[in-house]
């Protein structure tokens, strides 16, 4: 006998099954890979994609939309392009390229997309901000007025840097550009400045060496290293500086001070040129695309000193929603971009672009470096256009004539090579100049506190070192500063606290120096 199903049973079974039915389908905007190669993919579809949006390719390879054309989208790939093939499906993520920001990033080595590569576990941050952001408008800025001490005598005395400034470090390869930047980062210890070191197109071993140096000198606790090495895809080298700027802006907008080093922007320009040519954008001078100036200007304009008025700061343009509740006034972001020149040619395309964007440049020369003057700064063509307003009064007072004295010394030195009979004044000037050059020399990774710099430069410019033989200047400096620290700490303390060199302090310093010079000379002769 066949079992019959009653109609009411059928309806109850259907009801049961329909009750568990999920009607929501996941909707994705997808496209198809038409062509792939050299880290570039052409994708058909994705008609609603935004420029700079992240795209998901198979095998978890991420990409970014750069060229939005009528019939296809030109994407750059952040992973291995050999895992992507023609006909693959590409998904939109509806997320613009962004980077995680926060205190958790300090002490870590990350990729330009914020993924840790130091083996210390994942990074827990609540806030992500877009890589690209418009620079603060004029109304939200304040003029640069606080010093950012580098700890290098030649820079802090003649090419002072202020918080919120953009100062270019330019020179040939192997002239100590990275060393100047690393010394500056080490010198920020205990000064409340958060540092970001962006390595673009450097060797992996060089980045590891930088990280080891920062750890050795205790600088890693307030520093983040963003690494896009030479072996990383060109798109990562292109976005790395923007990731550094975004992280620096987080500290700037929350009322703190940050320093970002871009090492170096020449390699970012090369990576951008590579992407642009592969995307078939028209080439310009030196085959760089027409917007390579805009590439660097929009990056470096993000370094700024923000107004102290918190109400005005809260209205800042392009502020990410996640940052709005945290905004405070008075923060700053200082940028130290690095540019590598070829055979000292500062009139090439990229160097001239960046010189015109920044607020001054520190020019390093290979012949000075090879002659033993380190840091190898050519003070003749190095300038700081806004740093003078940030220099402490004591330094301004003692180093006022330093640049002129050195310029005259260089000129006289060139002429003295032709003639042997020099009058007394010329000889005295040459002797003084040789001593000034000697006191500006400094070892690597030993930045000097500003009060000690003021003391030793005061001795040099006042002629108190004229009695010390040139070969003994470095030893004299070391022993004199050690003596000041132990026997006259009040002199250094007064300079550090007041930021000025009062007449009585100068008198004390002069007397202490005169006594020490005579005892030092006796010791040397003995």
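A Cβ is built for glycine as well, from the same backbone N, Cα and C atoms used for every other residue.
Swiss-Prot annotations:
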BINDING   171, 172, 173, 174, 175, 176, 177, 178  ATP binding site
SITE      382  site 'Required for activity'
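Feature map: Swiss-Prot annotations on the structure.
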residue: 171; record: ATP binding site; Cβ contacts under 8 Å, 6 or more apart: 177, 340, 341, 344, 363, 364, 365, 366, 376
residue: 172; record: ATP binding site; Cβ contacts under 8 Å, 6 or more apart: 340, 341, 342, 343, 344, 364, 365, 366
residue: 173; record: ATP binding site; Cβ contacts under 8 Å, 6 or more apart: 340
residue: 174; record: ATP binding site; Cβ contacts under 8 Å, 6 or more apart: 366, 369
residue: 175; record: ATP binding site; Cβ contacts under 8 Å, 6 or more apart: 364, 365, 366, 369, 376
residue: 176; record: ATP binding site; Cβ contacts under 8 Å, 6 or more apart: 364, 369, 374, 375, 376, 444
residue: 178; record: ATP binding site; Cβ contacts under 8 Å, 6 or more apart: 206, 210, 263, 338
residue: 382; record: site 'Required for activity'; Cβ contacts under 8 Å, 6 or more apart: 158, 159, 360, 361, 362, 363
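Each residue in 340, 364, 366, 369, 376 lies on the same chain as 171, 172, 173, 174, 175, 176, 177, 178 and has a C-beta within 8 Å of the C-beta centroid of that ATP site, without being one of the site residues. Mapped onto three states, the DSSP output places residue 178 (ATP binding site) in helix.
According to DSSP, residue 382 (site 'Required for activity') sits in a coil region rather than a helix or strand.
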